[in-house]
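According to Swiss-Prot, the protein carries these features:
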DOMAIN    16-121  domain 'Core-binding (CB)'
DOMAIN    169-354  domain 'Tyr recombinase'
ACT_SITE  210  active site
ACT_SITE  234  active site
ACT_SITE  306  active site
ACT_SITE  309  active site
ACT_SITE  332  active site
ACT_SITE  341  active site, O-(3'-phospho-DNA)-tyrosine intermediate
């Protein structure tokens with residue numbers, strides 16, 4: 001997400017928050033926490049405080065009016081009710097057949113709340129040099145962390161990767177086979193964004209960039225001749241990322257129709273666009289997630305854009321056997337994160353031997 005857009009969204013959330021959350025924000029900004037982290041925390045607080053109002057724990061008219069005493073007097077039972085609410089609420093994503101958010105999402109929410117409670121009960125000082133209150137209910141709330149070995153994780157992930165010929169096969173399917181299954185109306189809709197969709201998916205498969213890094217690319221960030229993109233990594237760090245050659249024709253096809261198809265002006269700097277009511281806008285992450293889910297489910301198995309990142313990393317490690325190279329490609333500071341791909345490749349090698 002572009003810094004200016006991120007700051008705009010942070011400001012909107014800050015306008016909703018109680019004064020003690022705003023103090024927390026300023027304190028963590030001085031650490032410094034990244035704007036991305038603080039934005040994610042503010043979204044979690046918005047979700048929590050909205051539930052506080054809906055459940056009647058506070059009779060305040062709006063989130064900004066919720067008094068500090070509500071957090072001070074929050075019981076363990078109240079917090080467990082919030083966790084149950086998260087587990088049972090309908091999912092707001094492309095897969096609507098499941099109920100409740102994942103344990104990973106719940107842990108992220110509780111982590112944000114734990115950070116806020118620690119600040120209020122230990123870190124902040126009032127005029128007397130004391131914290132605002134001492135009772136930290138979050139210390140009584142248990143979180144369940146998913147435990148699995150790298151080998152187990154590799155086994156779970158590898159079925160959702162497009163390895164070997166499946167990378168090009170996936171792109172060919174979208175380009176040639178998927179349209180044959182569509183009604184005339186659906187085909188018309190597909191053709192409007194066919195080149196863009198293929199370019200995005202090809203880029204994800206050929207570079208391994210994160211979804212946020214891809215959707216925030218500007219036209220000037222793509223060097224088609226050198227097959228390099230300039231991205232903004234986590235922590236707002238700029239990085240140059242090599243792109244595999246197989247993505248080039250898909251990017252060229254998209255660029256050939258981009259200006260006319262999406263009615264661009266000079267001010268439309270985003271690389272990947274969507275057209276809404278005749279006005280071009282930067283495509284958002286949610287749209288790409290739904291697009292990848294739709295195409296991948298029809299092709300083989302429903303996956304997320306992050307699985308396309310795993311696909312590139314696994315293929316690159318298989319070709320080079322270099323964790324350092326894979327780490328650099330993914331933008332990781334350590335090779336520890338790439339240990340997963342050694343296990344996936346080992347399984348692939350075993351399967352190859354078994355087939356001899």
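Using N, Cα and C of the backbone, Cβ positions are placed for all residues, glycine too.
Taking the features listed in Swiss-Prot, we show where each one sits on the structure.
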residue	record	Cβ neighbours (10 Å)
210	active site	20
234	active site	15
306	active site	15
309	active site	21
332	active site	17
341	active site, O-(3'-phospho-DNA)-tyrosine intermediate	24
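Remark: secondary structure over the domain 'Core-binding (CB)' (16-121) totals 71 helix, 2 strand, 33 coil, with classes taken from DSSP. Counting only the Cα atoms, the space from residue 210 (active site) to residue 306 (active site) is about 7 angstrom. Here the CA atom of residue 341 (active site, O-(3'-phospho-DNA)-tyrosine intermediate) lies 11 Å from the CA atom of residue 309 (active site). On the backbone, the CA of residue 306 (active site) and the CA of residue 234 (active site) stand 15 Å apart. Straight-line distance linking the Cα atoms of residue 341 (active site, O-(3'-phospho-DNA)-tyrosine intermediate) and residue 234 (active site), rounded to a whole number, equals 21 Å.
In the three-state DSSP scheme, residue 306 (active site) is classed as helix.
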